[in-house]
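For reference, the structure is listed below as structure tokens.
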Amino acid sequence: MTHQTHAYHMVNPSPWPLTGALSALLMTSGLIMWFHFNSTALLMLGLTTNMLTMYQWWRDIIRESTFQGHHTPVVQKGLRYGMILFIISEVLFFTGFFWAFYHSSLAPTPELGGCWPPTGINPLNPLEVPLLNTSVLLASGVSITWAHHSLMEGNRSHMLQALFITITLGVYFTLLQASEYYEAPFTISDGVYGSTFFVATGFHGLHVIIGSTFLIVCFFRQLKFHFTSNHHFGFEAAAWYWHFVDVVWLFLYVSIYWWGS
């Protein structure tokens, strides 16, 4: 590596943005093939290439940050700003779903029967599985904070315990959500209620799966002693993302499950 007189990371050429874009194209095309022709071959190819890209891209980042020391305090500051902007973009993403829900529910059209929920829709009881899901996610928010504080204090065993609990709660939430979808008395095809419900809660569920993946990677990195009390941005970003997922669920629960029912 040539000598440099600044603290910034000059990134080497990487194939992973290109393979990531191609895997995204394969996944979206595969979804269309699955929906219209009941063929999952292209979707499986897209998911496989996406998983391989994630593994190899994260492997390179871990090498650069943990072993080569490229993630200086200046670089970490830039990464923090990037993560904050990413979470802001996610807030705007979910704002569109809430807008669609409230636009439809605050002034129901005559086609919906002039009421909300629309005529013929039996909404889910907000005090059953949705309330359990809320308590599960809130508990995971507590455990991820415990993990963060343990890491800052250098308590490795407590950090691993708390992170394992958080991952377990995330997987439990996903299983509860899947069972709720399976038993729901309406589908995504049941008008604007079904579409807004399943799109909003479905994208949130996808974000829970993504966040759980981040935390699983952090768990294995911690097993290999990658994090220290002053060098752990990978975990910090995953924790921020998890708290964002928590807050979005609270808005979903209050809006769609409780008020919307």
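Cβ from N, Cα, C; glycine included.
Considering the side of the membrane named for each residue in Swiss-Prot, SER39 and TRP258 coincide. Away from its own ends, the transmembrane segment (191-223) comes close to residues 54, 58, 62, 66, 90, 93-94, 97-98, 100-101, 104, 112, 116-118, 121, 123, 144, 151, 156, 159-160, 163-164, 166-167, 170-171, 173-174, 177, 181, 234-235, 237-238, 241-242, 245, 248-249, 252, 256, 260 of its chain (Cβ-Cβ under 8 Å, at least six residues beyond either end). Taking every listed stretch (16-34, 156-183, 233-256) in turn, the largest tally of C-beta pairs under 8 A with the transmembrane segment (73-105) is reached by 233-256.
Along the topological domain 'Mitochondrial matrix' (224-232), the predicted structure has mean pLDDT 91. Across the topological domain 'Mitochondrial matrix' (224-232), DSSP helix (H, G, I), strand (E, B) and coil residues number 0 helix, 2 strand, 7 coil.
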